[in-house]
Structures are given as C-alpha cells and as structure tokens.
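Listed in TrEMBL for this protein:
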type     : residues : note
COMPBIAS : 1-12     : compositional bias 'Basic and acidic residues'
REGION   : 1-24     : region 'Disordered'
TRANSMEM : 95-113   : transmembrane segment
TRANSMEM : 125-144  : transmembrane segment
TRANSMEM : 156-173  : transmembrane segment
TRANSMEM : 185-214  : transmembrane segment
TRANSMEM : 220-242  : transmembrane segment
TRANSMEM : 263-287  : transmembrane segment
TRANSMEM : 307-328  : transmembrane segment
REGION   : 371-452  : region 'Disordered'
COMPBIAS : 373-397  : compositional bias 'Polar residues'
COMPBIAS : 399-412  : compositional bias 'Basic and acidic residues'
COMPBIAS : 416-432  : compositional bias 'Polar residues'
C-alpha cells in the first residue's frame, strides 16, 4: 500500500504544470526555458551598463557645474605670470609691478636725500620709509606671490602714511587757529585711537585667512575703507582752515596760490583714493556671493577684472605716493635770521614754484602787544637783508615746523619783541617800501604772523 501511494504521488507531481518566474502558470518545455534564460542573462548586463552610464553622465554634469562655479573663478582671481598663467593677468601684474618698483626706487632716493640734508621733519621720514616698504612688498606680491595677508599689509602701510599726513596738516590747522592745546587734548588721542582701530582690523584680516576665491568678500576690507573715508573728511576740514589762514597772510598772490594748490592736491588725491576704496569694497559686499566667489562678480571675464583691478590699485595705493613725492622736497636746513621767519615753515616744498616766487616779503613775529606792531618790511636798498630773505625763502610750501623748533621760536618771540619794534621803526624811517603790484596789504587788525 505504501509503495502504491508513493507511486501515485510521483505521477501527480509529474502531471503538474510548470510555473514561470513571472507568476502566471504556464506549461513550457525545456527549449522555451533555455530561450527565456538567455534573454534574461543578456538583458541584465545591459541594464547594469546603462545605469552606470547614467550615473557617470550625472556625475560629469555635477562636476562641470562645480568647476564652473569655483575652479574658473579661482583661476580667474589667482591668475598671473607664474601661477595659473593667463596672458591678460600677466600683463596686468607686470604693469603694476613695474610701477611699484619705479616708485620704490624714487622713495628710496628721497629717503637718502633726506638723510644727506639732515632734514628735521620726521613726517617725511615716516611717510617715505613706509612708502618704500609698501612698494617693495607690492611689487613682489603682484608678480610672484599672491597671498591675502599681503593685501592687508599693503592697506595698513598706506593707512599709516595717511595718519602721519593727518597729523602733519591738523597740527598746522590748530596753530593757524591759535589752538595749539587741541593738538594734545584732541588730535593725538584721536590719531592713536584710529591707529589702534586700523591695527586691530588688519590683524584680524591677516589671522582669519580665507581662500582667494572669497577674499574680496571679507568684512574687514569695508571696515578699513569706511574708517579711512571718514578720517579723510576731517583731513579736508583742516585744509579749509589752512586755506582761510593763507588768505589772511600778506604775501605774493602767486606764492599763495601755489601753496594752496599743493595743499589741495594732496587733499583731493587722498579723497579720491579713500572714496574709490570705499566704493569698491561696498560694491563687492552688495553684489558678491560666497557660493559663486569674487570672480562671478566680473562675469568670469579676465579682461574686465584686470582693467578694474589695475585702475583700482593705482588710485588706491600708488597715486597718493606719487603726489607726496612731487609736493614734498628735501631742502637743506637754512639758519634764518632772528628777525624773520617764513610765513609757512619747513616740512614741505612746492615743486611747481618758480624762482621769481622765491622773492617775496617775509612776515614777522608780532610784538608782545599787537597794537605796538610796526611794519618792518626790508627795503630793497638793504642788500644784506634782501639776500637773507632770498636764502630763507627757498621754498614755497613749508607747511609745518617741528614741535621742538616751534617751541624754541615761541620762546624767542618775547626776547625779540623790542628788537623787532626798533628794527621796524628804523626800516620805515630809512626808506619807504616800494609799491608792488602783486602784493596785497592786510589790515592792521589782521597783520598777525601766521605763526606755526
């Protein structure tokens, strides 16, 4: 019985239809199974191949989009002659480097001449030493090494020159207003505060280094340029006071005009430099995006970026140095006679003044009492005094006297009071002063010496 039941089960199993893998019950022969198996084995590798191809295409598209947004921008900003070579960028770097090297050479010659002449003005030493260092670093930075830290160093050195120039002219303005105490109470603390601010911001920019692709978007640039632009406005206010005082002194109109021209050349150049820097940094902060980088601001065009960057660097860093080189000239120290002091003294000279402008009447220290002032203008018949005037007035723009020299002159004013009065009386009695067309007399109430 058991054997018969087992045989019945085997026959039942053999009679059951075959089931396909797809689910429906089909009766197939071995030949059909072979064809189905071949189709499946041939289709599976193809499906795998197509999936890999799709993945590769997607990855290629993703990589290209990433490279379009980062790599070209990075190459765009960092391009030069030796790193990421680009013809336009190399020309830009070469021009800037040439200008920086020539400017550095002239600044070094200026410093050497200052030492040879034993010039007492410390302002010029600080300005041209820092200018020489700035130009040397800029020449190396623009053509060989491109680090964001060097950009902050260049900006900081330029700001140091500007602060020294501010001290230079603000001190002159306080003396023109007879408010010398403002120098110690307000001017020096303000300059120290601004210098500390510039130092802290520049240090933070150097320490917190970011990739070159987003360097221009750092907030430190706008903080530096904004503070510089605000300080330049105070510098301009000092220029107005100095100009007003120049209009009050009695001297040749041509000399007065050359002095005001040189003063306002410096003010306007620093104003342009500060405004261009502030506008450039503000525009980058508004338009720029950290995801796309600095290069996307210029549309990925190297020609546009190089043109803008070249003009920007010249106006921001080099133009102020060029103007100071032309305005301030190193002259030998002249021992002036005791009875005469230039109307504007010592720390700068005008390159534009003619020889005829050197022959102008000097202004004198007033006596202790302004009511006892006597016009002690030298007569042309006194050759010795005229020669002294010619020698002591060898400069057109001598805006400021050193602190020590000013104090010593101030201490000698009281001692010379009676002597100046007697000398003025003798000069008036001996000969009348000839009429000069270009010379403008000032009222007795405004005849006070522009003492600085």
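Each position is counted from 1, following the chain as shown.
Every residue gets a Cβ built from N, Cα and C, even glycine.
Nobody curates TrEMBL annotations by hand; they come from automatic prediction.
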For this session: For the transmembrane segment (156-173), find every same-chain residue at least 6 residues outside the stretch whose CB is under 8 Å from a CB in it, and list them.
Result: 123, 126-127, 130-131, 133-134, 137, 183, 187-188, 191, 194-195, 198-199, 202, 224, 228, 231-232, 234-235, 237-239, 241-242, 263, 266, 270, 316-317, 320-321, 324, 347, 399-400, 452
Exercise. Quick one: do the transmembrane segment (95-113) and the transmembrane segment (220-242) have at least 3 Cβ pairs under 8 Å, skipping pairs fewer than 6 apart in sequence?
Worked result: no
Exercise. Any chance the transmembrane segment (307-328) and the transmembrane segment (125-144) are in contact, meaning at least three CB pairs closer than 8 A with a sequence separation of 6+?
Worked result: yes
Exercise. What parts of the chain pack near the transmembrane segment (263-287), using Cβ distances under 8 Å and only residues at least 6 beyond its ends?
Worked result: 162, 165, 169, 216-217, 219, 221-222, 225-226, 228-229, 231-232, 235-236, 239, 242-243, 294, 297, 312, 315-316, 319-320, 323-324, 327, 397, 399
For this session: Report, as numbers and ranges, which residues of the same chain sit near the transmembrane segment (220-242): CB under 8 Å and 6 or more residues beyond its ends.
Result: 152, 155, 159, 162-163, 165-166, 169-170, 172-173, 176-177, 194, 197-198, 201-202, 204-205, 208, 263-264, 267, 270-271, 274-275, 277-278, 280-282, 284-285, 399
